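Report on the following structure.
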Amino acid sequence: MAKKDYYDTLGVPKNASDDDIKKAYRKLAMKHHPDRNQGDKSKVSEEKFKEAKEAYEVLSDENKRMAYDQYGHAGVDPNMRGGGPGAEGFGGFAEAFGDIFGDVFGGQRGGQQRGGRQVYRGGDLSYAMEITLEEAAHGKEAQIRIPSWDDCNTCHGSGAKPGTKVVTCTTCHGHGVVQMRQGFFSVQQTCPQCKGTGKLIPEPCVACHGVGKTKNNKTLEVKIPAGIDDGMRIRSTGNGEPGTNGGPPGDLYIEIRIKKHEIFERDGDDLHCAVPISFTTAALGGEIEVPTLAGKAAIDIPEGTQAAKQFRLRGKGIKGVRSSYPGDLYCHITVETPVKLTEHQRKLLKELDESLKKGGARHSPSEEGWADKLKSFFSA
């Protein structure tokens, strides 16, 4: 019995667009699917479903449709359909709808492919580097040792034992992916047999265990930019783990950790430091030297300076990697109380104390002295 014309089966003209063919098949598949016609003992719906499926498989494929248009049924090789329409049962319904819905949702079918195989980018690596505050401020060049992956010297990168060969995966036929059906959807997944490589290694190389690469170490020159801050990362492109199936390597991220400084604390581009002075300098004033990252600087301490007084030295901080100007240095004054006094020093301090008490509030930095505040509190 002669086969029915595929266009007539779907009810579309010979110049129908791909979208029209999909819509026609979807309509027929929904109408004649056996799950929707379980009471049809004559199997008419089942046969119509198979006919629609066979027609769709040919007309939805550009090459098959071209051959069918030119040579009719004789131009379509049934082996290209995996044994004819009956060999897959009703799976074509899910496959067809998987194609239709795949177009709706962007038609994504797994990762990037190269030569039919799944291509994967290598993983990124991280490396923690500890530097001083001075090195962070001025920048530096350093050498680090990182892992590297080179072609195995025994198998020359093939992964196969010398004298043996790598064979094509029989599960995915070298594509690295297989079609999995889930309900009405057709999903492409990485081949579980070859893990996406498209090939199998019957006898792995004993030196690299079939990987084709061996792990070594290499020295990498790293340039630390001036102004880098704690927690910032430097990316070294292509120095991560190798990719799979010719995929690009990952990157190396060098994370900067700045050692705690004995004098300075960093806050963005600014620096802070505590500057101790004697109580006589605080009272009488004078010039003192303070440290900076570039050397020493002088500060004029006015008489009567109190503890926690802050002095700002503009431009004595750090110029950050994204800054146009350096930050500032903030000097926080602490007043030191003398210890281990001699009898003579004690006598002088007592005399000073008596003199200050007689002066009362006028010697206090506040408008009202502490003694006056207490007197007011207890008399209230």
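Numbering starts at 1 and runs along the chain as displayed.
Cβ atoms are placed via backbone N, Cα and C, with glycine included.
Feature region 'Disordered', per Swiss-Prot, maps to range 357-380 of the set 69-92, 237-260, 357-380.
Ranked by Cβ neighbours within 10 A across all protein chains shown, the binding-site residues C169, C194 are led by C194.
For the zinc finger (139-217), the number of residues in each DSSP class (helix H, G, I; strand E, B; coil) is 0 helix, 35 strand, 44 coil. Under 8 Å, Cβ to Cβ, and six or more positions away along its own chain, C191 (Zn(2+) 2 binding site) finds C169, T171, C172, H175, G176, V177, V178, G198. Cβ atoms within 8 Å of the centroid of the Cβ atoms of C169, C172, C191, C194 (the Zn(2+) 2 site) belong to the same-chain residues T170, T171, H173, G174, H175, G176, V177, V178, P192, Q193, K195, G196, T197, G198, K199, L200, site residues excluded. All chains included, 24 other C-beta atoms sit within 10 angstroms of the C-beta of C172 (Zn(2+) 2 binding site).
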